[in-house]
Amino acid sequence: MAEPNGMGWIIVDALDTLMIMNLTKELKHAREWVSTSLNYDKDQDVNTFETTIRMLGGLLSAHYLQETLPGLKPDNANEEDLFLEKATDLADRLSGAYESPSGVPWASVILKSGEGKSSHADGGASSTAEATTLQLEMKYLAFLTGEVAYWEKAEKVMQVVDDNGAKDGLVPIFIYADKGTFRGDEIRLGSRGDSYYEYLIKQYLQTSKQEPIYLEMWDEALAGVKKHLLTYSKSQHFTVVAERPNGIDGRLHPKMDHLVCFLPGTIALAVTEGLPVSEARKLPTWSKQKEEDLVLARELTKTCIGMYRSTATGLAPEIAHFELSDPPQMYRHQILASKSDMPLSSTDAAPDASHPPEWTKDFIVKPADAHNLQRPETVESLFYLWRITGDDIYREWGWDMFENFVKHTIVHNGGGGFTSVNDVTVVPPPSRDNMESFWLAETLKYFYLLFSPNDLLPLDGIVLNTEAHVFPRFDASRKRFRTGWKRLERDAKGEVVRGGKKKEEGEKKGDGEVKHQIPDRDATTS
């Protein structure tokens, strides 16, 4: 099931998938392995982000679900806290990553010693997305244990990042852990940028809307995306989230990672806060802006589905490129709907080499980007859009995607399983002989939830981390936690007022803790 000295990445990452699917035999086997073999006392350098979202997130989700879903509590009462105990041990070892001069975590950490390490690439800078996609996990652990240190470490990162004063809420994709300043100006919502934005709205929801600072940051960032990144393909007007490699004022690059397909689902979640739209529209907080944002989520989902429907396999490439008008048509100037007549089934849409459907020409797949790693982002958004709108189209698209994954990525020899593929533009696609743990932790979980009853993990009562691990929303005030920082003063253009008055920072305390004043970023700390 795992290497003798391995960390069991796939096992831990898939624990909550086993629970949700009620695979009790496999779950018992996995729980036994965690109890007897999972050991983090290793002289091993691990990525701070990946270990947090997959391992720590997987353990915390398993702890929550075994108490929430029926029939999952262990037979042995002594093992009721097994997952929480393992999570706490792991978090304590990861805590050394946050011991940088700025509070921004080092890219990796040695588990045995807790020593943080800077990145071996990118000039030693950490990925901005990685540094800011640890908060849901650490704050939930703080709530479970009452330990304020986990909370402080997580939110300090957000303060340091925000103090940089990124224009229009769009952050460069690298940040130095030692200095707490950005490296370069590159803006994108794909790799190294994506989950920063995802965790803004999810932090707001996780603590039951008690931290409006994160809603403010989300609203600012989404407005920045609309202003600087949203454009349209030249022919069929697919909505595209482009990149700005040289910063906000630089050229627009019409490249869209599959990773960006988290965005439509996250926008829909932000619009209704997890409620069905039929209920959200009855609330006094409903607005024309929310209606417009939901339309945007639908259009972006259509673009993501187009990445699948435009290839011979019906599977999306890792990256799609688009031809834009010159100058580009921007969302901020005019809101357009796609003109494509994309059919429900990819069987009907499969490109004919001699006469491809007109709309498929908008999607450009370069050879270096033609692989598919079985990523979850599109089905993730289908899940959110289905739960929120109830529109059957999202289940139709999802089922078609699932059939294509089974058809083209299943392994028939050597014991079975599934694999990533090298080229989605040819049938059959050559396999890569590799399966990422997120195939089990995320992609298959989202497919399962897409076709499950809506009362299984109701969206208005949970948040899913970026690895699809399930955490409850909670009342932070029960543990006397609250936001320990405030944003720097901004001028009318949204620019940080350098040297201006810094807003007073709050206090918070955990169970058994004295009140703790969060120190200024530049203060000397021991």
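Glycine is treated like the rest: Cβ placed from N, Cα and C.
All TrEMBL annotations are machine predictions without curation.
Taken from TrEMBL, the feature active site, proton donor covers Glu50 (among others). Sequence-distant contacts of Glu50 (active site, proton donor), defined by Cβ-Cβ distance under 8 angstroms and a gap of at least six in the same chain, do not exist. Glu50 (active site, proton donor) carries a helical DSSP state (H, G or I).
Cβ neighbours within 10 Å of Asp194 (active site), excluding its own Cβ and spanning all shown chains: 25. Feature annotation from TrEMBL assigns active site to Asp194 (among others).
Per TrEMBL, active site, proton donor is recorded for Glu318 (among others). Listed in sequence order, Asp257, His258, Asp369, Ala370, His371, Asn372, Leu373, Arg375 are the same-chain residues at least 6 apart in sequence whose CB falls under 8 Å from the CB of Glu318 (active site, proton donor).
Counting Cβ atoms from all protein chains shown, Glu377 (active site) has 26 others lying within 10 Å of its own Cβ. Annotation source TrEMBL lists active site at Glu377 (among others).
Residues near Thr466 (Ca(2+) binding site) in space but far in sequence (CB under 8 A, at least 6 apart, same chain), listed by position: Ile53, Thr133, Ser195, Glu198, Tyr199, Phe262. In the three-state DSSP scheme, Thr466 (Ca(2+) binding site) falls into the coil class. Sequence annotations record features per position, and here TrEMBL assigns Ca(2+) binding site to Thr466.
In sequence order, His258, Val260, Cys261, Pro264, Ala316, Glu377, Thr378, Ser381 are the residues near Cys304 (disulfide bond), counting only same-chain partners six or more apart with C-beta under 8 A. Reduced to three states, the DSSP call for Cys304 (disulfide bond) is helix. Residues or ranges marked as disulfide bond in TrEMBL: Cys261-Cys304.
As annotated by TrEMBL, region 'Disordered' applies to 493-526.
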Around the Cβ of Cys261 (disulfide bond), the count of other Cβ atoms that are within 10 Å: 29
DSSP-derived class (H/G/I helix, E/B strand, else coil) of Glu377 (active site): helix
Where Asp194 (active site) sits in the secondary structure, as DSSP reduces it to three classes: helix
Glu318 (active site, proton donor) - helix vs strand vs coil (DSSP): coil
